[in-house]
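Report on one structure; see the data block that follows.
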Amino acid sequence: MEVSCFSQNVLLVTLLLAIAVSLVESQGTKVGFYSTSCPRVESIVRSTVQSHFGSDPTIAPGLLRMHFHDCFVHGCDASILIDGPGTEKTAPPNLLLRGYEVIDDAKTQLEAACPGVVSCADILALAARDSVVLTRGASWAVPTGRRDGTVSQASDAANLPGFRDSVDVQKQKFAAKGLNTQDLVTLVGGHTIGTTACQFFRYRLYNFTTTGNGADPAITAAFVSQLQALCPQNGDGSRRIGLDTGSVNRFDNSFFANLRDGKGILESDQRLWTDASTKTFVQRFLGIRGLLGLTFNIEFGRSMVKMSNIEVKTGTVGEIRKVCSKVN
């Protein structure tokens, strides 16, 4: 009976992913876009990410976050990669992004193998997927065929979700990109890997309230003490702290357990548990009895496919950059 149920679940997951991919392909991208023009594209990107990951595992959350920040501004068009004064790179939310050298490395290799064929936007989408796999998350088929944008302005990064955003604001920002509440919770779950700096959450630990210990009451009291030891009130604001306590380097659903237990690091993350509209999805990822369960790894792939096709440029729109940091 267990084998039968498992087989049915596998078939269901395969069907759902196939539906998601078919919807995406109607938007101009498709799985295997480079199957004849550059058949080794995925293996080249994968081996490049793997090589950099081997010497610096923190590159995985860096690439995932970079893809997210790219897609929310002008769509997934690699505008985040363009150098220059006043570009997206220079916007405050993007100053700590990292992993540019990985994309540049992959692009150099792809230009040698297939000159002028593979877009930087597709390299970034593939690298984000490979980063999840390297941190023991599930893989998914990445539709390709995006072209690179030619506009990159720091002022346009103002619509990126922020660490102090309420759930309503987060939902508005995601809805503006065609992403629903489930997508919001699922994609924020990407914080299961990676770190943040004390400066982005320390305000929650001191003088947040005028009662009790002065900390955000959404944080478990014992955890407040741990965080205060790591991030003293007048300490180094750049010190890095894991976003998923106890599982910072593994792509899993423990991030949601931490939200349930009052151990969300960013205020915007913890609010997913305190707001009823998002709490249900957190509970479903945790398999709370009485609710229809959701498998985080599977849903993450589906939401990533949706996100990676936000306002994509295909056909003759945009360009294929020769160098990812420069418009042709």
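Glycine is no exception: its Cβ is also placed from the backbone N, Cα and C atoms.
As given in TrEMBL:
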ACT_SITE  HIS69  active site, proton acceptor
BINDING   ASP70, VAL73, GLY75, ASP77, SER79, GLU88  Ca(2+) 1 binding site
BINDING   PRO161  substrate binding site
BINDING   HIS191  heme b binding site
BINDING   THR192, ASP244, ASP252  Ca(2+) 2 binding site
DISULFID  CYS38-CYS114  disulfide bond
DISULFID  CYS71-CYS76  disulfide bond
DISULFID  CYS120-CYS324  disulfide bond
DISULFID  CYS198-CYS231  disulfide bond
DOMAIN    28-328  domain 'Plant heme peroxidase family profile'
SIGNAL    1-26  signal peptide
SITE      ARG65  site 'Transition state stabilizer'
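Sequence features, as recorded in TrEMBL, placed on the structure.
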| residue | record | Cβ contacts under 8 Å, 6 or more apart |
| --- | --- | --- |
| ARG65 | site 'Transition state stabilizer' | LEU97, GLY190, GLY194 |
| HIS69 | active site, proton acceptor | ILE80, GLU88, PRO93, ASN94, LEU97, ALA157, LEU160 |
| CYS76 | disulfide bond | HIS67, ASP70, ALA121, LEU124, ALA125, ARG146, MET307, SER308, ASN309, ILE310, GLU311, VAL312 |
| ASP77 | Ca(2+) 1 binding site | ASP70, ALA121, ARG146, ARG147, ASP148, GLY149, GLU311, VAL312, LYS313, GLY318 |
| HIS191 | heme b binding site | LEU243, ASP244, PHE255, ILE265, LEU266, ASP269 |
| THR192 | Ca(2+) 2 binding site | LEU243, ASP244, SER247, ARG250, PHE251, ASP252, ASN253, SER254, PHE255 |
| CYS198 | disulfide bond | LEU230, CYS231, GLY235, ASP236, GLY237, SER238, ARG239, ILE241 |
| CYS324 | disulfide bond | ALA78, LEU81, TYR100, ILE103, ASP104, LYS107, CYS120, ILE123, ASP148 |
Subject >> the residue listed as 'substrate binding site' and CYS71 (disulfide bond), distance between Cα atoms, whole Å >> reply: 12
Original post:
Distance between CYS114 (disulfide bond) and GLY75 (Ca(2+) 1 binding site) at the Cα atoms, whole Å?
Top reply: 25
**OP:** Might you list, by sequence position, any residue in that chain lying six or more from GLY75 (Ca(2+) 1 binding site) with a Cβ less than 8 Å away from its Cβ?
**Re:** GLY149, ILE310, GLU311, VAL312, LYS313
Subject >> ASP70, VAL73, GLY75, ASP77, SER79, GLU88 excluded, remaining Cβ within 8 Å of their centroid (Ca(2+) 1) >> reply: HIS69, CYS71, PHE72, HIS74, CYS76, ALA78, ILE80, GLY149, SER152, ASP156
Original post:
Where does the mean pLDDT land for the domain 'Plant heme peroxidase family profile' (28-328)?
Top reply: 96
Original post:
Closest to PRO161 (substrate binding site): which of the recorded positions CYS38, VAL73, SER79, going by Cα position?
Top reply: VAL73
Original post:
Excluding THR192, ASP244, ASP252, which residues of the same chain place their Cβ within 8 Å of the centroid of the Cβ atoms of the recorded Ca(2+) 2 site?
Top reply: GLY189, HIS191, ILE193, SER247, VAL248, ARG250, PHE251, ASN253, SER254, PHE255
Original post:
What same-chain residues, at least 6 away in sequence, bring their CB to under 8 Å of the CB of CYS38 (disulfide bond)?
Top reply: LEU110, ALA113, CYS114, VAL117, VAL118
